[in-house]
Amino acid sequence: MGRKYFGTDGVRGKVGETPITPEFVMRLGYAAGKVLVSDRGSLPANEHPTVLIGKDTRISGYMLEAALEAGFTAAGVNVLMTGPMPTPAVAYLTRALRLQAGVVISASHNPFEDNGIKFFSASGQKLPDSVEEAIEAALDQPLATVAARQLGRARRIEDAAARYIEFCKSTFPNRLDLRGMRIVVDCAHGATYHVAPHVLHELGAEVVAIGNEPNGFNINEACGATHTPALADAVRAHHADIGISLDGDGDRLMMADAHGRIYDGDQLVYVIARHRLETGYMKGGVVGTLMTNLGTEHALARIHVPFERAKVGDRYVLKRLHANGWFLGGETSGHILCLDKHTTGDGIVSSLQVLRALRETGKTLDAFTADLETYPQVMINVPVVKGFRLSDAAAVTVAVADAESALNGSGRIVLRASGTEPLIRVMVEGRDGDLVRRTAEMIADAVRAAAAASDIAV
């Protein structure tokens with residue numbers, strides 16, 4: 001079944017444009033509420049289902065929170081609200097408080113003009129496609145408020161941050177601490193601004209926090225996991241031992257060593273995998289995505305760690321991990337899954353797994369990744385209008401075939417449509433950086449020409 005509103009990470013768009021309007025989001029809350037009411041599971045008949053709503057620091061979050069609250073309560077669902085809270089915190093709290101669902105108002109790494117809604121199940125995992133499709137189907141039904149006695153109640157919970165801070169600390173061994181380490185943490189002026197520094201401080205680190213002054217408009221602005229020069233500069237300026245960079249909703253992680261060198265999701269997953277292998281608690285293999293650097297795959301093979309690729313999106317990485325019974329996976333962008341620690345990607349928890357590796361071995365990030373060669377990789381995002389399909393572009397198919405011939409087995413080409421934005425992503429990687437760059441530009445030109453020829457403007 002095709003999905004009209006849900007992408008790879010929930011519903012997302014420009015604030016004030018469908019679907020991110022108060023009217024639509026209220027209907028979305030109502031539709032999700034009706035699905036929850038109809039699928040009560042073991043919930044007693046006289047109890048209302050309860051959902052948890054968290055949000056990042058965008059100014060529009062307050063408006064959308066009120067709309068969701070109205071929709072859910074109109075459907076007879078109780079609502080708990082946390083205020084600004086990282087996405088993985090909502091996943092954890094939904095599970096810990098035994099609620100029926102969690103909802104996050106966030107557009108992750110996007111600028112403040114965007115926002116989105118994503119859902120977690122009672123187990124703290126992203127909803128399966130079938131449930132999202134049921135919610136979409138319910139959106140077509142009229143909004144009919146339940147009888148007054150059946151209306152849901154809404155209230156704020158005050159101890160959400162403290163609960164989550166303790167959870168994060170519990171994923172770090174009791175016998176270790178971070179005393180003697182100076183750590184820069186970039187919170188992207190986002191949802192982790194009030195929890196990430198506390199977690200690190202309470203574990204003993206000397207913390208230098210940047211990107212921790214949200215004003216509703218500066219989330220992800222020249223900071224955070226999608227703009228790592230800010231972290232690198234701060235690490236060097238403060239003579240820190242290490243740096244941690246999170247994105248606006250706290251589910252992505254990048255790190256920097258003492259020299260300001262940045263380590264992406266591929267490299268950090270490798271650090272965790274290698275440490276777990278060396279200490280005897282690596283179970284199974286690693287799941288990456290179509291975008292995971294080929295050098296990471298080769299490095300894992302050299303230490304005899306199995307590796308699989310999933311479609312882009314942490315939900316698909318999670319699906320393959322469950323299918324294999326493995327625990328560790330992630331994306332180049334910094335979504336890292338450590339399923340023995342959490343049910344979803346968590347930037348803070350993942351950073352603690354890397355810090356554990358460094359503390360237990362005395363190694364640096366550079367030493368851990370010395371045998372990991374990251375191959376040159378070029379990504380070009382080609383804007384397109386909705387409706388452009390690569391499958392209809394014969395000229396692009398020919399260009400890719402020519403490019404593969406030029407690479408002669410020494411690299412990879414990936415073309416895919418973004419799940420959250422109207423873009424075609426062209427990725428080429430290989431050992432020869434110049435050849436990789438020329439190849440990516442050739443394919444991107446072919447995509448632009450094909451889009452223009454089909455009268456779907458770029």
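For all residues, glycine too, the Cβ spot is worked out from N, Cα and C.
As recorded in Swiss-Prot:
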ACT_SITE  Ser108  active site, phosphoserine intermediate
BINDING   Ser108, Asp247, Asp249, Asp251  Mg(2+) binding site
MOD_RES   Ser108  phosphoserine
Legend entry - Length of the line joining the Cα atoms of Asp251 (Mg(2+) binding site) and the residue listed as 'active site, phosphoserine intermediate', in Å: 8
Inset, instruction - Determine the Cβ neighbour count for Asp251 (Mg(2+) binding site): the number of other Cβ atoms within 10 Å of its Cβ. - result: 33
Inset, instruction - Between Asp249 (Mg(2+) binding site) and the residue listed as 'active site, phosphoserine intermediate', find the distance joining the two CA atoms and give it rounded to the nearest Å. - result: 5
Legend entry - Mg(2+) site shell beyond Ser108, Asp247, Asp249, Asp251, criterion: Cβ within 8 Å of Cβ centroid: Asp56, Pro86, Thr87, Ser106, His109, Gly190, Ala191, Ala225, Leu246, Gly248, Gly250, Arg252, Gly347
Inset, instruction - Can you tell which of Ser108, Asp247, Asp249 has the least company, meaning the fewest other C-beta atoms within 10 angstroms of its C-beta, among these recorded positions? - result: Ser108
Legend entry - Distance [Cα-Cα, Å, rounded] between Asp247 (Mg(2+) binding site) and the residue listed as 'active site, phosphoserine intermediate': 7
